[in-house]
Structures are given as structure tokens and as C-alpha cells.
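Written out below as C-alpha cells is the structure these notes cover.
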């Protein structure tokens, strides 16, 4: 399988929600709406069965959610177009080097003054190895230049997190370079997206600050801990990052020494003068090389690490911002980071798309920043509230994080904002701790309109929550309760307020006007002209509304339709009604530890891992913010939602543990947070208990974690070896969780625990939710030593349908340890038993002389997870996979777009071929794809099948659509069309289409109709015949198909029905049986050439089975008569 990443300027998570409104991956002030999403491995069986989510709108807008299900935006590039690639060489980076090269010792590890162990990047051994890599890189770049036949300009060289370079190449050149023996991985430019006053208290940070935690050995507020923020930069002038804490006067200490700063804060740098003893450094990897985004008028980005997005500032403030008192919408609040005395380094890796406000983060910038964080030698924790990580062992950023972990740096990430559907997770790396987002007890700050009379006011109107309009005069004083409340006489008309109101009809009153036809500003101005002092816009559809009223001179509010209708009825029945609108907004309570609906969910694709890892506050988080310029917004704060806000809570907590427990390894800190987490977490309805795929281990409780009785370590070597694509077993990793997606009958796991304390301990093990046993049932762990336990889960009573069962392993200390009763430890368990899946040979063949008979060899394989019971059924029709080649781990592809906007090219499309052996009635098509630019907007979805014309399609859907054997172009909600995440499916039966293909070679084209900038792309596949076709059609109509061989084919499934059996086909032995999971049973098929003419004859062997997706499968049987 090729490892080249062909990537374009923007990319999408793998499992994405189809949403009713366009959204961004930045934390939204309103939880994202969306339906559930199939995993990337969604089978065509689900398409045929109608169980895949279906978009029901007339136009599909598919957006990434942030940190999914998913990988970073996959790669899309056109042949011959130069773009930036990361070329990773085989020799390990400094952080991963363990010695072995002659004369080059492994880099030293050191413990600093506080006892923290880390890679000593300044040791002689480290400097020698880096120098060696620099020399090797020069040689290898020379070899690359020879391979492509031209000099190469290297934009960035890296030796610490990855051993690699950033260089411009065409896709063809990248394919050549990937074949060099010393090249490990080639990944093209891609972009990832950007995914507290009460939060620290909820997670127990205040108890750690003041030393009131159980068994306290001191007070820890992050002193000496350095946090690296990989994000959009920092509002360096904010009091949250001042050298002196505004509340307690604490003078921060620069671990580098006073006046010594990192990166562009050093003397002569663009950020000189912007750092201090708290904010000790900063870098800009996105404005210039390797991001190179400055100078583009569509982007907002500036030199230096200043923030003009706000995301990075909010994250940094939540991790380690100073305590400070702030005023937010008239409310005075005290905010603080989780580690308020920690130090910060800003790594600016994200720019802002001005049109959408979306933060975009190039992979080249992220890798360079991680490399720099290791090279700096002082960073303890990295926070990455950015998408990506769906392919842990093949994404360069993910691999850089693995080496950072090896260097002693804790990595916290966001889970993504694509929930609440399953399989929407980002950051599936087992060495990265991904964070789900939950409420923390204080919700949003809301305005309340209260009807004060007359008489008995309905409870629904005491009060009604309203949303302040944007762009108009600020609402900053209470409207008193004796203010008249008047409803427009034409409230129920479609154009209420568009043509003015009678003079004085709203004199001195709050006017209620219906949304519709004309702009909100027109309605507000007309109400003001009739004497209104404020306007309430009643929504004309279900839900809330935030009116946009630029230039409005009286306060304007939006009200949900249901509340507005009750208000209308009351006021019409009570013409003297009065009301008030209270200022300041009130802080609404909510259920602590209830998940945000947007929070991405597991499972972790096809990996045997529990993801997310943990939950933290991420709803309505109040923290420092930034404006559209790097100065002038120093005091700005904002309350926003997102797993981006949850991750910094975890990052801050990890740093506090590192401060208090400097001898614990990064995986041990991760395990302590997980095993001591509060397990009582709820789904977004605030009632239903969350599963491990919602919450991970539970909500962070750092005051427990800091005193965990046991911890768990894992090695970098084991993380690397667990790659399932190379035969590894990720379920065997020493993780603080247990997962197996294919556990038939029973499965076992070993977990090893270390006792970090000075006294031996004994732990009783119990289970809930699953049938499991532990050997031993009581774990005895010596002081400072380790002990292992084997966990066996019995699944004989679990349905073999792929549904997950959840449980928990609990360890309880038999008594105090060193006088302290330790918190019970828990490990979440997720187990599933997969259904059987029948797989027949692609072809069964035999050659016979005329009149002779013989036996061909076939087989029935079970590639599912439970026993397959089958029997031969050679009558009727069976389901045949004409094409079945999904993408696996590939994350690259090619546009399939017929643009609806002006410009050239008019279309870019790819096609893949397949062969039909006998008349086949088509039943379903599935194309795995992704969104280019983070979003694809499709007004129509199309497919076309063309006959072969000398090795390429005989036409195309744009200029020669009539040449198609079959074609379809319809709305995303048309019958038979299924948009599942970013995958496109078509069910012929549901669409009422009866298409029978005769024998021959055909080409399938899949595409969407919509804007070029937000187009759909078709994933490549490692399987196929070695090539596929590409066409670019200019505005003149010019364009022709050409063959590409960068990948073996495209990711597609095509299924059809064929007639079972043939007159010349005899008995099959055995004719029935049971095939265990992963096994194959051979069959003998009797064939006879009697009475057949010389030549090729095709029939089909059909098998009925308990495979729920394909109850009757067919395989071609080819008899050649000589």
C-alpha cells in the first residue's frame, strides 16, 4: 500500500456529521446539530439494508467537527501540481533514538531540579546525533534530487520529533521519492481544523492548589511546569498572561532565567518585548515557512505568535492563565487556568479563513512546532485542540506526538466536535489522551424577558429566555417591569413588519414582530418608528434565533417560536400586558458532567481502543480571548463551547500531577487521570448514563489522580509495534481501559500496574456490566514494584451483531497506604462480537476438454467475528460483489466535482473500472470520500457508468453524458441516494432503477455538483488493477481521460444480483457447514463440459448463510472448454 499522502489545501475528518446548518470546527456557542454517522468502514450491506444515516435536505452541507472521527483533512491534489510534502526518513528522530549506530550513544535523559525526567536535548550525545541526522538529511535530499531530476529547495529540516524535511514536489515526484530505501513516509500538505470560572473547581484543581486533597504532600499550582500551546497564537497583552498574577500578586519565575526567552521573543525577533516571566516564548510556523499563509487576502494571519482568532488564547488561558476578575456581559466573574502559576510557550500553527472564521492548521506547521517543542527541552505538556489523528501509525503529526511522549512530554488533545453520532472521534492515538466535553454546572449567560402582568401569567412566560441581536446597539440596562408589551397586529403574516406600523402603535413598548420576508433591521427600524423602545423577533420556525441587526438603534432580541406563540396568545387576550428584560444576563444552571451534544464519540474506528480517553469541562467555558488584531483586545474574554475547551482542562491537570509526581512517566500520568476519574457522567440529555465511547474513563478529578495508588506505564516500542496494519495488537497495550471489537466466546487481556508509593498494597478486583474474571482476583503490588493481572471476558451470552457491551473493572485497596485511603481505580471495558461475514472467491475456474468433466476448487471464508453457518443454494439470484475495494488506511484521493459556480476547470473527476462476467442487475454503489476545504456543499449527487473505450471511459458526465450506459444526477435527499458522513451511496431498488449490465468492462464515475472550493473528493484504495482514470474539463469543454497509477484504484463497492447455478454445474462438496471466524473451508465444485461449445462459460456458485448483510452470496464460476 502506498504511503504517499496526496493532499490539498484543506481537509476533513473521516467520520463527519451531515448537519442542517453550516458549522465550523471552532467551538460553537450553540451545540452543533447533526445525525449519527457511519464509520469509515460503512459497508454496502448497510446501504442495501437502509440502516445508514440519510440526509433529508435538498442540499447537503457536510462539515468537519474538529478534533473524528477522524483524520485530518485527507489529501487531494492534481497530477503535476507542485505542493509541499513532508518526507520522513527511516532513521529515528532524536526523541526515538535508543542507540545502536556506531559511535553514537543514545541521548541522555536527565532529571531537573524538581525531579522531572526528560530528554536532555543539550547533552553531547543528543547534539552529536542531531548533527549526524543533519548530515544524513543533506545526503538524502541529494538522492531525492537525483531521483526527480531537479534541485530541491528544502523549506524546513527537522530532527527532534521526526527525522524529515518539508519540500515542494509534484505527486509524481513524491511517488518516486517514496520508493527510496531510506524514506519511511511521504505525506503531502494537509490542514487540520481548530476543534474558566468553575471548571478548575469541578475537576479538583482548587484542592491541589491549596493542599487540601486527601494525603496532601504540598500545594501545587503549576510552578515550574511549562505548557506548550499548539494553536492560533496568544493574546500576549492579556492580563491572563502577565508576569504578575492580578489577584494574589504572584511573581512568575522564568525557568530559563529572567530575560531569557524562546523563539521570536528573543532579542531582534518579531515578538521581542512581548514575552515575560510567565509567557516565556513563542514561535510562528504558519505565517511564513513552513505554513506560508501570510500575504493571502483570504486569510487572517500576521507575523509572530500574536492571536487574531481567539482560539489559542482561550485554550492557553484555560490551561494556565492567571487568576483575574473579569466582566462578561455585565457579570463579574473570577477566571483562572487549571495551573495558574505555570509557564507558557506559544506555537502559532493556525491561520483564520476570513470568509468562514474557521481556523486552519497545516500539518507542516504542526510537525515543525512539535519538533521545536522537543528541541526547546523545557516543555512538559502540549495541548492540541485541533483535529486529526484518525490514522495513528501513518499520520506524521501523530508519529511526532509519539516521539514527544518518548521525550517526556504529555500530549492532551480534543476529541472533536462532531457528536453525538458514533465513530466521530479524532485522535485515536493510544499515546495521546483525547478529551470529551461536558457541562460544569454553570451554563450560558442568558437574557430573560419576564411578563409581569396582568393577572395570572403562564409559567412559560415567567421568564422567557431571549437572545440578544448582533451588530446593533448594545443592551446594557434593565427594561423595567411596567413597560408595555405589544404584539404586532399582523404577527401571523409572512411579511410582518416589512411595510411599517401605524404611528404610535408601539409607543414606549416592547414590540413583538414575526420573522420573515424582509431583514431584521427593517423590522426593527419600523417598530422604532412606531415608538418601540425594544423589539422581540419571534421566530417563524422551531428553535431559537439570534437576529443580525447592524446599525439598529434600539435593543433587538430573538425568541423561540414556541415561546413566542404562547406570548402572542397571552398579549392578545391581555392588551395591557407588561414585561421586563433583565440586565445583566443571568448565568443559567445546568447539570454538571452531562456531555455536550457536539462532543465526538467512539468507537475508535476499527481499532481495539476506548476513545475518548477522558472527559473534562468544555461547555460555556469563560476564558481570555482575542480580537481581529493582535492589539486592542487585551481585556477580552469569551464563553464558548467545544472539546477544544475540554482538552486544556486535562492538559492543566496533567501538569499539576507532573509537578507533584515528577518521577511518573507520561503514560503513568495518563493512567492516573483515567483510573481516578469520576465515572458518573451523563449523555447530552442529562439523564442517560454515558458509555465509555461517550466519556472515556470519566470526568477528570485531579485531586484524586495526584494520589493514585497504582499507575500504568507503556513503552514507545510497544506503541509502535501495536500497529494493526503490521500485525500488531493494540488491545494488548498497557492502557487504563480494555477494548475488543471482535471477542467471540472469550478474550483475554493483561494489564500491569506499578505501585509508586513506599509501602506494599493489595487490591481487590471486581467487574460490573460484563462477565469477566481476573487472575489473580487480588492484586498484591510491592512498594515501588509492579504486578500483572489477566482479565478474561466471557461473551457466550453476547449477541453476535457488532453491538458493543460496556462494563468496568474496579480495583479497591484493602486498606490505607502510608496512612492514606486510596481512591478506587476503574478501567472501562468495551466488548463486541461481530456477525459472521461470508467471503467467496473472486472467481472459481477450471479448463476442460470438450465432453469431459472435472472438479474445480472453491472456498467459503468467514471474515467476520462469529461462526458462519452456510449451505449451497444454486437457485434464484445471489448477491455478487463486482467491486469491493475500500480505502483501508489511505487518506488521499481526487476531486469528483462538477462545479456549480463560475470558473475553470468546470469539472475534475476520476473513474475506476470493473468487469462484468455475466448479466448483472445492479443493486448498490458505495464511494468512500471526504470534503475538500473542510466542507462539501452538494446541490446534486451523481454517478455514471460508461463502457470501456480503449482503456478509458467512453464518455464523461459533463460533455458527453449521453454516452453513459447508465447515469443518475439528483438531490442528496432523492430516493436511493444516501449521504453518510462524507461517503456517497446509491440504492438502485430504493431509487426505482432497474439496471442490468451485460458482460464487458465498465467505468464508474462518482461526483457531486456544487462549489469548487467546497467540493467532494473520492478516496484512493490500495486495491485495484494498478490504475484509474482522471479528467479535467475546462470552461471551453476541452478535456480527455488519462490514466494515473499513483494508487491501485479508488475506494468503491459495487454490488449486483446474478442468476445462481448453471446447467453444467453439478454437486458442491461439502454443500453446507460451519466456518469459524477467520477460517476458510475448501469446497469442490463438479463441472461438466458435456454438450458445451468450445470457449468460456460463466455461471455462479451461490451460498446462503447467517451473514446478516449478505444472506445469499454469489461467486463467478468460469468453465473454459478447449
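FYI, residue positions are counted from 1 along the chain as it appears here.
Glycine is treated like the rest: Cβ placed from N, Cα and C.
With a cut-off of 8 Å between CB atoms and residues at least 6 apart in sequence, the same chain places 194, 307, 311, 312, 315, 316, 346, 347, 348, 349, 350, 383, 384, 385, 386 near residue 231 (active site, charge relay system), listed in sequence order. The active site, charge relay system annotation in TrEMBL covers 231 (among others).
Of all Cβ atoms in the shown protein chains, 28 besides its own fall within 10 Å of the Cβ of residue 311 (active site, charge relay system). Per TrEMBL, the feature active site, charge relay system maps to 311 (among others).
Here TrEMBL flags 644 (among others) as active site, charge relay system. Counting every protein chain shown, the Cβ of residue 644 (active site, charge relay system) has 36 other Cβ atoms within 10 Å.
Per TrEMBL, domain 'Peptidase S8/S53' is recorded for 222-679.
Annotated domain 'PA' per TrEMBL: 495-566, in sequence order.
According to TrEMBL, the feature domain 'Subtilisin-like protease fibronectin type-III' maps to 733-814. Mean pLDDT of the predicted structure over the domain 'Subtilisin-like protease fibronectin type-III' (733-814): 97.
What TrEMBL lists as region 'Disordered' is 55-77.
What TrEMBL records for 1-22 is signal peptide.
Each residue of the domain 'Subtilisin-like protease fibronectin type-III' (733-814) gets a DSSP state, and the totals for helix, strand and coil are 0 helix, 48 strand, 34 coil.
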